[in-house]
């Protein structure tokens, strides 16, 4: 047993290098935030309550994607209702870690609403938006336990004393999200639209119970719900974007980022991604009003924003995988040559959640047969709505599988057009010993469908962490 312990203990590397200070100039203007210890967690040195406020004088748009789990947590239900009621306008966010407030009945809903109302009271009064419940709420932690709500309410009131807009404040808020995470996941970025410079900043948390399937909030302008320990994330920008277009951009981005990651294949009751756009950096007209980016009035500007948001969301999502519980590998699974994006995404997901594939990756074993088994278990979607037209099928004689090393050296094909290659096992070991690994599966069907999923391996440490999560 001691040999097994040494194997995983020596292979789990520190993730501290993934968190570093960021210049204050890269954070969006018009936000104040903080993180404090409110008493949800026992250790007084650990932050467990985060508050984020938009202080912009312009209307703040909000959009969200929520879990599809049937046991949606109280904060998910409350936030969805607020977004729908407010027409996609919200100015604040409150989050606690240590207790998920999920499967907590009427008391859980009352507690979530209480967090919303007390956070709203911290906002400056604006004529155009002063009477609503103006905050969204997120929670993460153990399921089935009630929040220590009196501690949280007292914490929200105290949070007002430490609200700020510098890096330290953003870092405190990011730390308040953490559960089994080993580092705060915080990123910022500058982008330009029509010559105007804007900023994005965001934080997320997650290391286990990660296989999100989130759809857009129940706002009247939401598009149909499509494929897109708890994953929580929030992104803030100082661009001005209409609520409708912000939701559409987020739905697109989430499908290609947070809905394309997996640590253990388990969907949470609380998965939520929220984006706020406060327009604080947007140019104003002679009346002091901003022109919001909208896909119908300025598609080019919207497309630039959508791409910036998607790239940023992918960066945040990948941090979750890199911090996967017990993970020693970061693996990108790319599926191409599929009839549609949906097909490629489904196959990449199946490969990424296969316990056999993930344990082989941990063992640094190029067992590509497991990749093929996962690939072949996914039926392709029908190409026609007619019941008389059979759906397309995977042709084994056209499929190729390649391992691509992250160090820039030559790729290693293991299957080419259905024919196995004579694999140099020493070369395969050189690739799989690397921390970052890329697996490419080409279905060879000539379609333009292509998708990438990010996943990690399964180690002994994952079992240890989840065997005593509540201890």
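Placed from the backbone N, Cα and C atoms, the Cβ positions cover glycine too.
The active site, nucleophile annotation in TrEMBL covers 230.
Residues or ranges marked as substrate binding site by TrEMBL: 179, 205, 230, 325, 466, 471.
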Tally every other Cβ atom lying within 10 Å of the Cβ atom of residue 325 (substrate binding site). 25
Ranking the binding-site residues 179, 466 by other Cβ atoms within 10 Å, which is at the bottom? 466
Enter the number of other CB atoms within 10 angstroms of the CB of residue 205 (substrate binding site). 27
